[in-house]
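Chemist: What Swiss-Prot shows for this protein is this:
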TRANSMEM  13-33  transmembrane segment
TRANSMEM  54-74  transmembrane segment
TRANSMEM  98-118  transmembrane segment
TRANSMEM  137-157  transmembrane segment
TRANSMEM  171-191  transmembrane segment
TRANSMEM  217-237  transmembrane segment
TRANSMEM  249-269  transmembrane segment
TRANSMEM  296-316  transmembrane segment
TRANSMEM  345-365  transmembrane segment
TRANSMEM  374-394  transmembrane segment
TRANSMEM  402-422  transmembrane segment
TRANSMEM  429-449  transmembrane segment
Amino acid sequence: MLKENQSKWSSAGALIAIGIVFGDIGTSPLYTMNSILNSAKSAHNLDTFVIGSVSLVFWTLMLITTIKYVIIALQADNHGEGGIFALYSRVKKPNKKWLLLPALIGGAALLADGTLTPAVTVTTAIEGLKGQGIGEFIFPNNQTIVLFVVTVILLIVFTFQKAGTKKIGKIFGPVMLTWFLFIGFFGLVNIFSDLSILKALSPTYAIAVLFSPENKTGIFILGSVFLATTGAEALYSDMGHVGKHNIYVSWIFVYTMLILNYMGQGAWIMSHANQENLLMQSSNPFFEILPSGWRIFGVVMAALAAIIASQALISGAYTLVSEAINLKVIPRLRTFYPSEARGQMYIGTVNWLLCIIGLIIVWAFQTSHNMEAAYGLSITITMLMTTLLLYQFIKQEMKNKILAFFFVVIFGMIETVFLIASLGKFLHGGYATLIIMVAILSVMMIWFYGNKRREAISQQNDYLSLKDYRKQLINLSKDNEEPIFASNLVYIVNIHQNYMLKRNIIYSILGSKPKRAETYWFVTIRSSNDPYEKSYSVDMLGTNNIVHVTLNIGFKVEPQVNMYMKQIANNLVKQNIIKPQFPKYTLNKRGTVGEFKYIMANQNYEDLLNLPDIHTWDRFIISGRLWLQSHTVKPSSFYGLEVSDVLEETVPLFIKDSNKSKIKLIQNEVKNVIKPE
């Protein structure tokens with residue numbers, strides 16, 4: 001949905017929100033109650049336990065999802081975008097450098113937990129097929145076959161990502177609407193089997209079950225309850241797709257359907273409390289509440305909902321990584337834009353890492369029961385980090401220190417309790433997502449602080465003023481004794497105040513082989529907080545052939561630098577700001593702009609590692625940063641210059657002073673000299 005239409009809700013927008021935003025939280029009923037049942041001491045006298053457990057789910061969704069995320073967090077958007085990195089971009093200040101740490105930890109944890117979501121949702125859905133018949137065919141009660149089916153589904157989902165979801169995405173809303181109506185209806189039907197489940201609306205039962213003798217895990221039951229709200233962070237992250245007003249309206253419907261289903265599952269469990277196989281892993285209350293004639297339809301709908309939830313998570317991962325690249329905390333990654341649909345992107349590295357890790361998890365954990373035991377630990381960390389950033393938002397943007405204090409205390413305590421409860425998952429597989437989180441966080445820290453240390457060490461003699469070299473560039477441009485290197489010579493640079501730019505750029509132009517051009521272009525690309533911004537400004541530096549262009553590009557916009565430069569050059573020619581160029585050989589006989597040649601002048605930062613006084617920590621982090629750079633996309637590819645005329649250069653980081661090291665002439669004479677006439 002277009003950003004300009006997000007200021008108000010519409011029925012179409014609400015339908016899109018149901019299809020995109022609520023996939024993760026909407027598939028939680030597949031496994032939440034099943035996981036909670038593992039905390040039951042026995043299959044007898046379950047009423048108090050079940051009512052208390054459903055009450056915990058109800059109030060968890062009310063407090064964390066509804067109040068924290070839907071009511072409060074959705075106010076903290078950054079140009080309409082949500083999520084932990086968008087929130088950080090909104091609140092970051094030069095004097096609040098500590099805010100970066102919770103943003104990095106939260107972002108890494110969110111990406112790590114996302115590796116488990118497709119695996120657990122799709123596996124749970126397909127497990128519902130066990131023993132079910134379609135005509136004369138009976139699906140085998142064989143977990144290995146389930147794993148193969150899950151593998152095929154996940155491979156198909158990840159393989160088709162590069163094609164985009166413009167066409168198929170139109171059915172997400174209707175499918176998820178059908179899903180929520182389906183689970184809500186059968187939940188309501190089962191509530192009538194034991195109306196005492198309605199007691200779950202009282203918070204007293206939620207508190208009581210934590211200390212109930214029927215609860216064999218005590219407070220650690222919250223680790224399973226938390227599964228009901230793991231999609232809340234994804235809900236916030238997907239705000240930019242549909243707008244907060246559509247989320248407000250659609251959440252009322254979604255929340256109602258979810259609670260009806262959880263209560264229906266609870267009522268079914270209580271009405272079957274004396275069945276000895278009730279606590280068996282093969283007995284999932286989500287599927288058990290369905291009449292036998294509806295089971296196959298339920299499995300198909302669950303599989304579709306799981307696929308859509310996975311799709312939403314994958315798209316959210318692309319957005320999250322793009323925001324991280326925009327903040328310069330992750331190396332540049334090759335990004336494709338499968339269609340002209342706004343916000344559609346594809347990052348192959350992210351896609352296949354999610355796929356590979358997800359498949360490893362499927363085959364390592366084998367069953368949805370084992371995956372549930374590991375799921376949710378990392379997301380509690382993300383939620384705690386979001387709470388810290390929201391505290392800063394309320395205090396800084398809403399100017400309400402009292403509300404900020406109560407917010408961070410209340411939700412900090414609630415989420416800390418959930419984190420402690422989820423720590424019980426560590427030995428049951430939670431370590432897997434924590435390892436992934438630490439790996440992602442390490443990449444972020446090395447890249448960000450590697451850049452900081454690299455710049456701090458090298459900047460002492462690393463910058464020159466472009467203004468000081470205007471005359472030389474103008475003279476070089478007019479020097480007919482030098483061959484024309486290019487009509488338009490373009491450098492991607494970062495120009496600071498007073499026209500300061502890196503010395504390697506001037507070295508590249510005026511070095512041993514001067515590069516003569518009709519027009520010199522120095523292009524600074526700014527990453528805009530507005531995800532869809534495409535704008536530019538021009539500074540001619542008092543000349544007609546030295547141009548500083550600043551491109552402001554949002555992180556959801558394809559950086560087609562060559563196309564933008566041709567448009568800008570033609571505009572400047574039309575305005576008579578730069579002289580027209582008439583190429584001798586060209587397809588466009590009316591063209592007034594010649595060819596563009598791009599120079600990527602890369603400094604050899606490995607020179608830093610050879611400095612005798614460099615600190616061991618600096619050496620380590622800069623080495624790590626250089627290693628990451630060597631394994632990621634080149635700037636020319638990132639800026640869409642693959643089919644352009646690009647020259648990659650490497651220039652020395654330090655130019656040695658010839659006066660510091662002198663060589664001595666033997667015998668103080670030169671032999672056999674012929675003096676010039």
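Even glycines carry a Cβ here, placed using N, Cα and C.
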Chemist: For the transmembrane segment (402-422) and the transmembrane segment (171-191), does the number of C-beta pairs under 8 Å, pairs 6 or more apart in sequence, reach 3 or more?
Modeler: no
Chemist: Can you see whether the transmembrane segment (217-237) and the transmembrane segment (345-365) are touching - at least 3 CB pairs under 8 angstroms, only pairs 6 or more apart in sequence?
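Modeler: Answer no, regions not in contact.
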Chemist: Please indicate, using numbers and ranges, the residues of the same chain that are 6 or more beyond the transmembrane segment (13-33) and have a C-beta under 8 Å from a C-beta there.
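Modeler: Residues 1, 5-6, 53-54, 57, 65, 117, 120-121, 124-125, 169, 171-177, 179-180, 183, 224-225, 227-232, 234-235, 238-239, 241-243, 245-247, 249-251, 253-254, 258, 261-262, 265-266, 269, 284-286, 302, 305-306, 308-313, 315, 368, 372, 375 contact the transmembrane segment (13-33) from elsewhere in the chain.
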Chemist: Count the Cβ pairs between the transmembrane segment (429-449) and the transmembrane segment (171-191) that lie under 8 angstroms and are 6 or more residues apart in sequence, then report whether there are at least 3.
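Modeler: The transmembrane segment (171-191) and the transmembrane segment (429-449): touching, no.
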Chemist: Using a cut-off of under 8 Å between C-beta atoms, tell me which stretch among 137-157, 249-269, 296-316, 345-365, 374-394 contacts the transmembrane segment (98-118) the most.
Modeler: 374-394
Chemist: Residues of the same chain, at least six outside the transmembrane segment (137-157), with any C-beta under 8 angstroms of its C-beta?
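Modeler: Beyond its ends, the transmembrane segment (137-157) has Cβ neighbours at 118-119, 122-123, 126-127, 129-131, 303, 307, 310-311, 314, 355, 358-359, 362-363, 366-367.
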Chemist: If we call contact 3 or more Cβ pairs under 8 Å (sequence gap 6 or more), are the transmembrane segment (171-191) and the transmembrane segment (374-394) touching?
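Modeler: No; fewer than 3 Cβ pairs under 8 Å.
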Chemist: Cβ under 8 Å to the transmembrane segment (249-269), counting only same-chain residues 6 or more beyond its ends: which ones?
Modeler: 9, 14-15, 17-18, 21-22, 25-26, 28-29, 32-33, 37, 46, 50-51, 53-54, 57-58, 61, 65-66, 70, 180-181, 183-195, 197-198, 200, 228, 235, 278, 285-286, 288-289
